[in-house]
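Listed in TrEMBL:
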- 21-49: transmembrane segment (TRANSMEM)
- 105-127: transmembrane segment (TRANSMEM)
- 147-174: transmembrane segment (TRANSMEM)
- 180-209: transmembrane segment (TRANSMEM)
- 221-241: transmembrane segment (TRANSMEM)
- 298-318: transmembrane segment (TRANSMEM)
- 338-361: transmembrane segment (TRANSMEM)
- 373-394: transmembrane segment (TRANSMEM)
- 406-429: transmembrane segment (TRANSMEM)
Amino acid sequence: MNTSGAKRDRSWRRLSPGEDCTPLSAALLAMSGWALVWVAMAIAAAYHWPLIVQDDARHFVVWLRQQAEPSLFPGDAIADQFRALTPWGYEWLYRPFTLAGADALLVHLLFMIAALGALLSVSVHLLTYELWPSRLGAALVGATAPLVLGGPMVAVGLPKTFGVIIIALSLLAFLRRRPLLTATALFVGTGLYPATVAVSGLAMALLCLRPGFPFVATDRRTLVTLAVGGIAALVGGFFFMRELAALGPTFSLEQARQAAIFTPGGRLAFFEENGALGLWCNRNGYATFCFRILAPPWRGIVAGLALALLFGLSWQVVAGRSAGLMRRLGMPAVPRRLAVVALAILASGVILHSLAYLVLFRLHEPSRYGHNAIRTAFVLVVLPFAAALVVAGAQRLKRHGWEKAAGVLVLAPGLVVAVVMVATSWMLFSASPSVHAYLRQTPKDTLVGGLSRELDLVPAFSSRSVYAAHELMIPYKKTYHDLLYDRVAATARAMYQTSPDAFAAFAHDSGVDYLLVDRDDKRQRDRLRRWRASVPAVAPALDFLEAGNVPFFKPLEARCAVASSERHLLFDAACLAARTGER
């Protein structure tokens, strides 16, 4: 067992509560919850495939089907936008599978979610162990880290999963003064999740600062590691920014303030009605621990308490006042170095978060910098104490002869992570399998229009293009936002008329082959209200329905509907357009 001031226990004993463990046992403990997540994903896929998709996989994974079938989504502006935004490194992770003919969405479900989650836990474990000489404690930190790092909002096998992985592995290489590994981690990081490469690079620079002249580290290898890593990050960042620039201009601050999609209630509400609360606790505020289930001001108060805990424990560690607590728990003291590294990460995130606010919409969303940094710092400072409590509890159980219970307690964090990840994984299913079955039989250049929420799922469940969809209207670039805004407005104008004349012109101009609509009038009104928050131009269509008018397509169900379910109708656009002049 490690004690305060002792060297790391290099023994090769198997995992046992109260003792350190082998590197393999520690890694397996850190990843333990993800084995259960993999089992759950495999069962879900077996029961629901092909009508299952993780929420955010609709943005970045669906379009990777083009790797195996280049003929999918031909001339699709939405697919082109998201393929261009998908980091090159993330695309390459799928190539070995898709070249073998595997479906990218199935690869995501059966491999990427659990594998990248396990990599996240192991990365946190390795960085923690580098800074705190308890392999068992560090493994428990890695096992529980996903809960603090954002849970299913982060650990879902998508590019954002790499945010903390990049910070952890690049800083680990830097702290060990490995120039080549540091450069590799930062360069590859720009091809996976570029924002956190900036966080990690700035944290490295801050760690090189020293009090007194010349104010920087004079160790040659440290400076070489920083310089080589910085060059690699700049080169990778240059390629990323060049690809991003090809997508067109970003929003200016004034343009963003005028866009409904960024206002309260919009698809990506950025500006809160309460300015102070918005700066502190909205999706892009400084406080990352904003509990949305709580109403203001409680969510801000709880977030403030969480950050106060982070700073309070950091101060205790730096001042050496936490050593006594750790000794009483039978664990090695948390070194001052751990708090210094955590505070450097925290400062880096806050600095870049602030810079992103000063040049809004030019440096990605501010939260991409601040939230990953704050959560990583929180994990490094706070979770070792939680891990120590678990180990101390296991020791006490073992002393009383309850060895099996002690083992269960050590494994409990991984089990909790697995349950939470599966229960809140935001898996989406379809209420209209017959509609998607029909669309999968249509030509691959089929284009589906409409305003139904089910349009969000058509690319995933049918592998067909959509003219516009609420979930896919993410305004990374102004040109793309304006395109989808116009498409949604045109769709609403064409659909909600008493005659098909306007729709006939719309179908001709847009190339839409099918129209997907909700059966229920109330559901149609609800969707239009949702759309109106981001696209005010649909308001006349909502007024049309609320006035009791019947849209032209409703009486044509028997004649023009080619597929239907309890909730949805799929109309042949050519059939609807051919009814021109009919009432």
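Residue 1 is the first one shown; counting continues down the chain.
Here the Cβ of each residue, glycine as well, is placed from N, Cα and C on the backbone.
Here the structure is a predicted model, which means the values were calculated and not measured.
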Contact call for the transmembrane segment (373-394) and the transmembrane segment (21-49): at least 3 Cβ pairs under 8 Å, seq gap 6+: no
Surrounding residues of the transmembrane segment (180-209) on its own chain - C-beta under 8 Å, 6+ positions past either end: 87-90, 92, 159-160, 162-167, 169-171, 173-174, 215-217, 222-223, 225-226, 228-233, 235-237, 239-240, 340-341, 344-345, 347-349, 351-352, 364, 368-369, 372-373
Ranked first among 147-174, 221-241, 406-429 for CB pairs under 8 angstroms with the transmembrane segment (21-49): 406-429
Among the ranges 221-241, 298-318, 338-361, 406-429, the one whose Cβ pairs under 8 Å to the transmembrane segment (147-174) are most numerous: 406-429
Contact check, the transmembrane segment (338-361) vs the transmembrane segment (406-429), 3+ Cβ pairs under 8 Å, seq sep 6+: no
